[in-house]
Amino acid sequence: VSTSHLQLAAFALGTLGWILCTVSMGIVEWRVWHVDNTTIISSGVAWVGIWKVCFISYLHVSPGYREQFCHKFSGYDSFIPHEIYVAQGLLLIAMFMGLLGLAATIFALRNVYMGITHKTLIAPFFLVGGCFYIFAGLCVLIPVSWNFYSVTHNQSIAFPPSYYMPSSPAAQEAGAAIPVGIVAVILLLLSGTFALAYRFPVTASTIMK
């Protein structure tokens, strides 16, 4: 137990990182667009996520919504930029990989705290868990970095007329999902590093075996 403090920290950080990864995937504010024409986009601000685009409209352009109009992206939408498609796929992979990392770490910690001293039931699972954490962190890093690059270069999206969105914003900025994703990357990479740092203690009985 005394040799697995870092791995316990890895589990805690990995859990938080996995939660933030999931949260960033669901947040619609990946890219915040500021538009000049407020005829339909009443607030002058629209939020572009990886699954949908939303804005406030007082014209009730969407049945069932009181003021907020949202249009979900479809897998057949050819206008969606590559960074959004990549974010959809990689964040789903990251969520799955992070879950596998948590499962492997939990199994190893369970063996440690139950007094199971068999090396093959502890060290390999910390190793696998650490690899999963790091892979999940990289899967989050790529879409977060790519979408942040698109924001800083004010790249446009050719929305169809049914979206009521201009093809180019007057200006845009990074939404809440970007910093949440960055924190998730840091936590997942740290948890992976801590999990990989595990060294099985060498005892007299182990040497004799």
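Just so it is clear, glycine is given a Cβ too, placed from its N, Cα and C backbone atoms.
Per TrEMBL, these features apply:
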TRANSMEM  6-28  transmembrane segment
TRANSMEM  40-59  transmembrane segment
TRANSMEM  84-109  transmembrane segment
TRANSMEM  121-146  transmembrane segment
TRANSMEM  176-200  transmembrane segment
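Across the candidate stretches 6-28, 84-109, 121-146, the maximum count of CB pairs under 8 A to the transmembrane segment (176-200) is reached by 6-28.
Using a Cβ-Cβ cut-off under 8 Å and counting only residues 6 or more beyond its ends in the same chain, the transmembrane segment (6-28) has close neighbours at 47-54, 70, 91-92, 94-95, 98-99, 101-102, 105-106, 108-109, 112, 126, 129-130, 133, 136-137, 140, 144, 175-177, 180-181, 183-188, 190-195, 197-198.
Sequence-distant contacts of the transmembrane segment (121-146) (same chain, at least 6 residues past either end, Cβ-Cβ under 8 Å): 4, 7, 10, 14, 17-18, 21, 24, 50, 83, 86-87, 90-91, 93-95, 97-98, 100-105, 107-108, 111-112, 178, 181-182, 184-189, 191-196, 198, 200.
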